[in-house]
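Below is one structure, written out as structure tokens; the observations come after it.
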Amino acid sequence: MDRVVAWASRLVFVFLYLPIAALIVYSLNASDVNYRWEGVSLRWYAELFADRMLLETLRTSLIVGLLAALLATALGFLSSMALVRFRVKGRGAFLGAILIPLIVPEIVLGVSLLTVFSTVGVPAGFLTLVLGHTVITLPLATLVQMGAMSSLDPSLPDAAADLGAGAFTTFRRVTFPLLRPAILAAFLLSFATSFGNIVISTFTSGVGTTTLPLRIYSQLKTGLTPELNALGTLLVVLTLAIILIVGVGQLRRILAGGPDQT
Amino acid sequence: MSRTRRDNLAGALMMVPASIVILVLVIVPMVIIARDSFAVSDPLGGNLGGFTLDNYAKLLDPVYAKTMGYSLGMAVLNAIVCTVVGYVVAYYIATRPARRQPLLLLLVIIPFLTDFLVRTFSWITLLGSGGPIIGLAKLVGIPATSLVPSQAAVVLSLLYAFLPVAVFPIYASMRAIDPSLREAAADLGAGWWQTHARVYVPLSASGLASSVMLTFVPTLGVFVIPVLLGGGKDPLVGNLIVTLFTEFRNEPLGAALSMVVLVLMLVTVALAGVVTRVVTKKRSA
Amino acid sequence: MKSKALAAVGVTVVAALALAGCSAGSGSTSSGGSTKLHIYAWSGEIPDSVIKGFEKETGITVSVDNFDSNETMISKLAAGNSGYDIVEPSQYAVPLMVQRDLLAKIDKSKLTGFDNIAEKFVNPSFDKDNEHSIPWVWGTTGILYNEDCTGAKVTGWKDLWNPKYKGKIYMLDNMLSAYIGGMQVEGLKATSTKKSEIEEGTQALIEQKPLLAGYNSDNYADLVATGDACIAEAYSGSASAKAVASNPSVHYIIPEEGGTLWTDSFSIAKNAPNEDAAYKWLNYTLQPEVAALATDDGASASANEAALKLVKDQTQVTNPAIYAPADSLKKSEFIVDPGDALAYYQDGWTRVRAS
């Protein structure tokens, strides 16, 4: 049965990369339109690098995504610690509140966030974007880390304490390494969510801080340009390249850690 | 570890940062929305304040119940599909050698670095009349024209959009399961299904619950997928609220509908929590 | 552990530096005087060549942000302190914004070249004496169809109600646009404010719904070009023009039952931080050779009459998917906001969508 699972999972990976493969092919298409093939060309890559405004939106999205994901992961880590380990009172209310951004349609949250920011007098820009994205990624980061913490064997930190380890040492040497994969998962998920967000960005972006998805969404009316295929291809290929250059082994030491569980 | 006063204090302190963010950027906006849902709207799109129940009265129109019903059905379907597929993938990743796991996690998330709309259009081309799938079907002799727009395309696209949100929490909770439990179960003669039913599913329950929550709830707010892949004839609640806020210029009505969705969802989540607690208690008893 | 912490610190520092660099680059609108101009516009309607030309001529740095609907733009402006100087509302949005006091009155004495604007956009129904808006580009709402698929020439809205094309018809996913077809197919004015007439339009749309493949304002032009759709209600402009250019069987027509016009104009936002620069922008874009770039580089129809003969590729000027022929526009009118009748449209549209 494990073999069936493995094959099914590999199929899912194929499913995940199917549109990406198509994207890579289209990005080399000389035609103005995706649906017709007119020969191989690097024309869209040239247009992409000449498109100053598109690249600026990419930078905005990267910065906002990194900051929001860091913030959400850190806040989520602290609160899931408090909720799971210390079983702070009022868990239900806190969880309910943290879920609200998932439930309320983004346009509603976006409009009311706009009201809050303009009432307080915070000008729309990087700060409001990061805060807005933190709000919508916080539930993801918290739930992912809570899941990991509640499956953690509670006897482990206790055993460490019994062996005379202080609270901080226990955390650093036992709890934290076990949680590292979950922290990584929370960060990645938060970053991807922020990086792809359209609606909250609509209402929290300001002069000169258009994000990449906003720019693309506004192009829907006139049609998406094939240079976006080139951009998508580059983002995927570059990330894969970085992973290979940094080295999978290195990556493990930086990110995975924890006792080898196999 | 016994719960000491110091633990309580540490726990409370850890909650402070997130609580501030939630208070200012979630609770306050919600209060504004709740207030707006009782406000009088003016035809120009302004919000005149005041107090009226008209907005809620308008929601009694069967149109809204119909959209709500369709959306809930779609959300349930999406949550089930995503969580099942997510469970399979998460289990696969969590049982690989530890050093390969981060790589596999990254592989799950990397496709999402490309823009959502660009990916969606890629799907449209793949599923469309000129795409490889229809081409293959024609070669085999199946008379197909185009898979877009269709309900199947919507379900597929929703799975694509929400899969990481299902995989990650399940993986995170499975990763912490002691692998010796699996061996122990095998030693006791438990088959694959039994091992999962008795060990993996219960121990990753919180991850599974997160996955269901994270896929079920946001489906209601989706508004691009139903239009691009489903033809836009059957709107989800998300589409409807966007229409109310933009084309109808009626923020109060949109706010009222949002409040209804919010209360409905919170009640569902709370009920699910109570049920889970009762079930776990019974089991441990 | 250490390397992880280091990596995190590194990322944060880089991000913070980049952030600082950005805010130094694009922020501080007030201190820069008139050296900056912030534009909030539809995507694709201001070609890069226009922006670069303006920056070169005036030395003013331009930043452009795009919106996806008039309503989004209005709510951002209504929140106050948006920081934008020039905004680009559609015709029906202009009076709404004027009534909500979001647009500054344009001082005509500061303009040169306003007489270049084509007659139908001077003193239009939606903005008396162009007090708040200078039309930039315009277009029509018509029909895009694929002759290979329909097998016949299409002449009007009635073809979107033809059962022969069942499952291959798209309508625009926008209330007022969908009602253009719904009203005109019944021989009614698209701008009607009469309850009974709007009800007729509603019934026509409900009757049509089973024939539709869907409502779509996004990729209908691609769908028609590939033949996945036979016939679609469409806006003129770059998307339709691209479909017509890519496939000789695809045509764009103004329906014989009537036609409707839209126009996107430049307006100055109330309390614009850089008003001088905004006037410079209006004057720059009123020049015929600049306005012609909207067609050459943006595949949009320019509202500037003097620009037409300066368009390099004159086939664009005769392409109905960009410039609708003058005789087909005789019956055409601007789609304006229905005012109080909006409630009737909303009520009807809600029923159409739920049917």
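Placement of Cβ uses the backbone N, Cα and C atoms for every residue, glycine included.
Residues of the same chain lying 6 or more positions beyond the ends of the transmembrane segment (B:12-34) and with a Cβ under 8 Å from any Cβ of it are 255, 258-259, 262. If you look up TrEMBL, you'll see B:12-34 (among others) marked as transmembrane segment.
Per TrEMBL, transmembrane segment is recorded for B:68-92 (among others).
The annotation domain 'ABC transmembrane type-1' is assigned in TrEMBL to B:68-272.
Through the fold, the transmembrane segment (B:104-128) approaches residues 89, 92-93, 96, 134, 146-148, 153, 156-157, 160-161, 163-164, 167-168, 171, 224-225, 228-229 of its own chain, all at least 6 residues removed from its boundaries and within a Cβ separation under 8 Å. What TrEMBL records for B:104-128 (among others) is transmembrane segment.
The annotation transmembrane segment is assigned in TrEMBL to B:148-172 (among others).
Nonlocal intrachain contacts for the transmembrane segment (B:208-229), taken as residues 6+ away from its ends with a CB within less than 8 angstroms of a stretch CB, comprise 71-72, 74-76, 78-79, 82-83, 86-87, 116-117, 120-121, 123-124, 127, 148-150, 153-154, 156-158, 161-162, 165-167, 169-170, 173, 201, 235-239, 241-242, 261, 265, 269, 272, 276. For B:208-229 (among others), the entry in TrEMBL reads transmembrane segment.
Look at TrEMBL and you will find B:253-275 (among others) tagged as transmembrane segment. Within the same chain, residues 30, 33-34, 36-39, 41, 55-56, 58-59, 64, 68, 209, 212-213, 217, 220, 237, 240-241, 244-245 sit at least 6 positions outside the transmembrane segment (B:253-275) and bring their C-beta atoms closer than 8 Å to a C-beta of that stretch.
Within its own chain, the transmembrane segment (B:148-172) is flanked in space by residues 74, 77-78, 81-83, 85-87, 89-91, 93-94, 105, 108-109, 112, 116, 119-120, 123-124, 127-128, 204, 206-208, 210-211, 214-215, 218-219, 222, 225-226, 229-232, which lie at least six positions past its ends and keep a Cβ under 8 Å from the stretch.
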